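Read the structure below first, then the notes.
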Amino acid sequence: MKLSPSILSADFANLERDVKLVEDAGVDYIHVDVMDGQFVPNITLGPNVVKAIRPTTKLPLDVHLMIVEPERFIEDFAKAGADIIAVHQESTPHIHRALQMIRSFDVKAGVVINPGTPVEAIKHVLPLADLVLVMTVNPGFGGQSFIPECLDKIAELARLKKEHNYSYEIEVDGGIVPETAILCAKAGADVFVAGSYIYNAPAPHERIEKLREALE
Ligand SMILES: O=C(CO)[C@H](O)[C@H](O)COP(=O)(O)O
Ligand SMILES: [Fe+2]
């Protein structure tokens, strides 16, 4: 079980401090949410911020692109130091090409599906995926409520992984707190993104501990 805190809910004026805080608490990845104001109704950050964070941590940077036609920026994020780049199936007519492009930069390739998108939509690109991210809220904002209907998709992805011996990790993102993390773990999730639960707290390391305890 891996934890990937989302810096979407961190203090953007103190990103180095907030990344170190969770690294010291023993998390596995740093989740970076990139939003363009088109694919989702919010704007966050671009490759320059990924480049700035890169030297502040040894942890893999798990970059979640919520942008239209992500192919235009894959090279920039790879060169900025992303270790994983995840692109939405809904954001491009060429999801297969986008995943190939990510791999061509020696970066792990992730494919993401929104709550309204079935697993069937990514079935044919699963052999190319190092990570499959199941959104458990509609993307765009932190602090939303978990959508339980997404649990079936986690179980389906876990079943397909076993059946075909695929190597992807199953990641969940949105509304993750100890109770929902347990449900996702039972369904077969491997990586847990949490933003507001970790950062909107006086002691983020205690929240990380609570998530770990729940998952153990
Ligand atoms: O991709 C995202 C939103 O689109 C974020 O990673 C996600 O929402 C994390 O925030 P929270 O844990 O507060 O739900
Ligand atoms: Fe995310």
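Note: Cβ is positioned from N, Cα and C throughout, glycine not excepted.
Within Ser4, Ser6, the residue that TrEMBL lists together with His64, Gly140, Phe141, Gly142, Gly143, Asp173, Gly174, Gly175, Gly195, Ser196 for binding substrate is Ser6. Counting other Cβ atoms within 10 Å of each Cβ, the lowest count among the binding-site residues Ser6, Ser196 belongs to Ser196. Candidate binding-site residues: His64, Gly140, Gly142, Gly175, Ser196. Those with a Cβ under 6 Å from ligand 2, in sequence order, are His64. Annotated substrate site Ser6, His64, Gly140, Phe141, Gly142, Gly143, Asp173, Gly174, Gly175, Gly195, Ser196; additional same-chain residues within 8 Å of its Cβ mean position, judged by their own Cβ, are Leu8, Ser9, Asp33, Val137, Pro139, Gln144, Val193. According to DSSP, Gly142 (substrate binding site) is assigned to coil rather than to any helix or strand.
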